[in-house]
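Taken from TrEMBL as is:
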DOMAIN    7-116  domain 'BTB'
TRANSMEM  163-188  transmembrane segment
TRANSMEM  215-235  transmembrane segment
TRANSMEM  247-269  transmembrane segment
TRANSMEM  289-309  transmembrane segment
TRANSMEM  316-337  transmembrane segment
TRANSMEM  349-369  transmembrane segment
TRANSMEM  381-405  transmembrane segment
Amino acid sequence: MNFGRGPSVVLNVGGTRYSFSREVLKDFPLRRVSRLHGCLSEQDVLEVCDDYDRERNEYFFDRHSEAFGFIMLYVRHGHLRFVPHMCELSFYNEMIYWGLEGSHLDYCCQRRLDDRMSETFTYYAAEEPNGGPEGKGRRPPAAEGGKWLERMRRTFEEPTSSVAAQILATVSILFVIVSMVVLCASTLPEWRAPENRSVEEQSRYTAESVREPSGIIEAICIGWFTAECIVRFIVSKNKCEFVRRPLNIIDLLAITPYYISVLMTVFTGENSQLQRAGVTLRVLRMMRIFWVIKLARHFIGLQTLGLTLKRCYREMVMLLVFICVAMAIFSALSQLLENGLDLGTKNKDYASIPAACWWVIISMTTVGYGDMCPITVPGRILGGICVVSGIVLLALPITFIYHSFVQCYHELKFRSARYSRSLSAEFLN
């Protein structure tokens, strides 16, 4: 330590004094305390602690003294636990201040902290530039064009940021619902009757379908989604990041087939050879079902599902590995017991291992369509073991996925409240 005099250093934490030698501070387990060893001036010291007494070489920290006492027990004995009758989040804040993390807690206290953070909607994230939504009054003045673009971006990206954003989100949801209703109605027999016409009539009907009510509604919906996507691209801050977002890719996949189908209809005309592309057109039009995923932009539940799948990909991969291993084992054994051995009866449904894999999947997931089932006694015993094993294997990663889902839901709900004009009493509590 290059600042201060005396062989010892006194830490005064909330009125409780602790005395250490200077050499101990160099490798002290608490990062904030060890920083005192490298302080060269009083200004450096005041960046670490709240006050300093040069005469007594005493450093003052306005922190919770009892919490620091438990943290000192961790320094001496290597075990960190919560202070009795103290909020877990308050103790966690003390840990962060002194340079500790949640991983330093004992396992039982780590679980308590995770549950407490989920229950109280705690969301720890990096500070947003310019102070975020709450720091608007402290931001430096920006150009009028930048403010206008920021308002537009908030209006299109955050449905709860303003009344205009809520109205825009409602209109977008209505267009999605209308487009889905038209898509479902187009598969009815009454709507599909024109498809049975001849090639010339079909070509003429395709050219005239755009002028029918369903075609007009579809064109209006596509026009709205296209305009919305273009405006959101223009007002976005990072164009490359905008293109890489999953929801924006889904928007593009839902809009592009309509224009492709229109262009194919225009260029094919009455050419009978090119009319074979009608199947392709129907496939492209059916891709409009992706519009349903657009609702994830306006509903926290769907956003939570996507964020959970993103964060729990390791657990999902582990679940798939469990299923694949079980499929390999049970499909081989079931094929051997039902068809491979000469037991007087052979089950043709289990003629191969790939065919038996279908039975393993529907058995492990307890669906049981009944299209194929074992008929031998050993095969039925194996089937019972397969069902029980499926229940156990599928239940193992569910706990991790559930906790991640709850945490993601609380985080998204908290973020949505930050962008709203006023926080409700639910979040204030």
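Placed from the backbone N, Cα and C atoms, the Cβ positions cover glycine too.
Distant neighbours of the transmembrane segment (381-405): 114, 118, 304-305, 308, 311-312, 315-316, 318-319, 322-323, 326, 330, 333-334, 337, 360, 363-366, 373-374; these residues of the same chain sit at least 6 beyond its ends, with a Cβ under 8 Å from one of its Cβ atoms. Here the transmembrane segment (316-337) has Cβ contacts under 8 Å with residues 309, 350-357, 359-361, 363-364, 374, 376, 378-379, 382-383, 385-386, 389-390, 393-394, 396-397, 401 of the same chain, all six or more residues outside its ends. In terms of DSSP helix, strand and coil, the domain 'BTB' (7-116) has 57 helix, 21 strand, 32 coil. Computed over the domain 'BTB' (7-116), the whole-number mean pLDDT of the model equals 85.
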